């Protein structure tokens, strides 16, 4: 999803095999292997030691023991419920746990989602590439400072280097004009109500809807506030570059509360959009790689051997169905016809390779999982009213 980046890890040495283990998140945000709470284990052992059906015990003793067993079972049930709620909240209901809500503006601005969708439709039907840009725009916003519209902020004398000018974003990130048009239309209907961050999320959702020919229909929760901080270096530090291996990808997604399956599913967005040659020539064409020979030949005909800022053409990320938001990306991964090292890396772990195969071969599998992962990503580190604002203009703070 990121077409540029700063090398932060040494790729020398043997690649670590990925092992995906179930985890739960503690209240401090850290994660550990899933184990039952100690008190639950102790209670279970204690209950098993109190056999109330022994004929040698008086009835009143058996009644007391039965009451103790009942209380202990209730305690175990409470622990189980707490653990289940914690896991569900972390993995499946990230939006709700972030204070976001489907239909958030149903009273304050009831037509906002229709307004945004109409604007997105106008742009995407003229240029499908804008739709791909809007999907990528949300990803690049959420991974840096959370989903707060910080990627939209223009440079100012006080902040000459915001996120949008960072190498992962400039000049490749697109869709800003769509957000501006949607914001203008929304402000006319509901001034000062809808955040730019929510408009970015709605626009990305709608782009996926139109590019998938209405197969990917997402109920997008809202309630985000706009951030006031935007720094170029933060984008370099938080966006996964195209040369990452699978372990590095899993690790950086985990810092955002996203697991290995989320990473694989969201990578499927590479089924649309274009990439600059400089993003893949050094790692995929200039050195030995697993890339398909015919595909490599096609890319060499379109890309210079040494791309420069002055001469850095773009190519489709998916040459089979370039404007369709579908599961073709995973078929391309299996065929070794993908641009980035990070795409090819999905086959280097048994766990992620199985996910790639399922997404490629089971009808509807990827689309269903993408909807959930997209909503989960769109809830990363959202800001509340104390941390953010509702911008009047998406390009500048109030």
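From the backbone N, Cα and C atoms, a Cβ is placed for every residue, glycine too.
Remember, it's a predicted structure, so these values are computed and weren't measured experimentally.
Annotation comment: TrEMBL describes 1-10 as compositional bias 'Basic residues'. The annotation region 'Disordered' is assigned in TrEMBL to 1-43. Summarising the annotation, TrEMBL assigns domain 'Plant heme peroxidase family profile' to 99-398. If you look up TrEMBL, you'll see 109-190, 142-147, 196-394, 277-303 marked as disulfide bond. The site 'Transition state stabilizer' annotation in TrEMBL covers 136. Taken from TrEMBL, the feature active site, proton acceptor applies to 140. The Ca(2+) 2 binding site annotation in TrEMBL covers 271, 318, 321, 326.
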Euclidean distance between Cα atoms of residue 321 (Ca(2+) 2 binding site) and residue 303 (disulfide bond), Å: 20
Local confidence of the prediction over the domain 'Plant heme peroxidase family profile' (99-398), expressed as mean pLDDT: 98
Spatial separation of residue 136 (site 'Transition state stabilizer') from residue 147 (disulfide bond) - C-alpha basis, Å: 12
Which same-chain residues, if any, lie at least 6 apart from residue 271 (Ca(2+) 2 binding site) yet have Cβ under 8 Å of it: 317, 318, 321, 324, 325, 326, 327, 328, 329
Additional residues around Ca(2+) 2, ordered along the sequence, whose Cβ is within 8 Å of the centroid of 271, 318, 321, 326: 272, 320, 322, 323, 324, 325, 327, 328, 329, 332
By Cα-Cα distance, the member of disulfide-bonded residues 109, 190, 277 nearest residue 394 (disulfide bond): 190
Residue 136 (site 'Transition state stabilizer'): tally of other CB atoms within 10 A of its CB: 24
Mapped DSSP class for residue 140 (active site, proton acceptor), helix or strand or coil: helix
Among 109, 190, 196, 303, 394, the one of these disulfide-bonded residues whose Cβ has the fewest neighbouring Cβ atoms within 10 Å: 190
Pairwise Cα distance for residue 136 (site 'Transition state stabilizer')/residue 196 (disulfide bond) [Å, integer]: 16
Integer Cα-Cα distance in angstrom, residue 109 (disulfide bond) to residue 196 (disulfide bond): 14
Shortest C-alpha distance to residue 142 (disulfide bond) - which of the disulfide-bonded residues 190, 196, 277: 196
Spatial neighbours of residue 140 (active site, proton acceptor), counting only the disulfide-bonded residues 190, 196, 277 and Cα distances within 10 Å: none
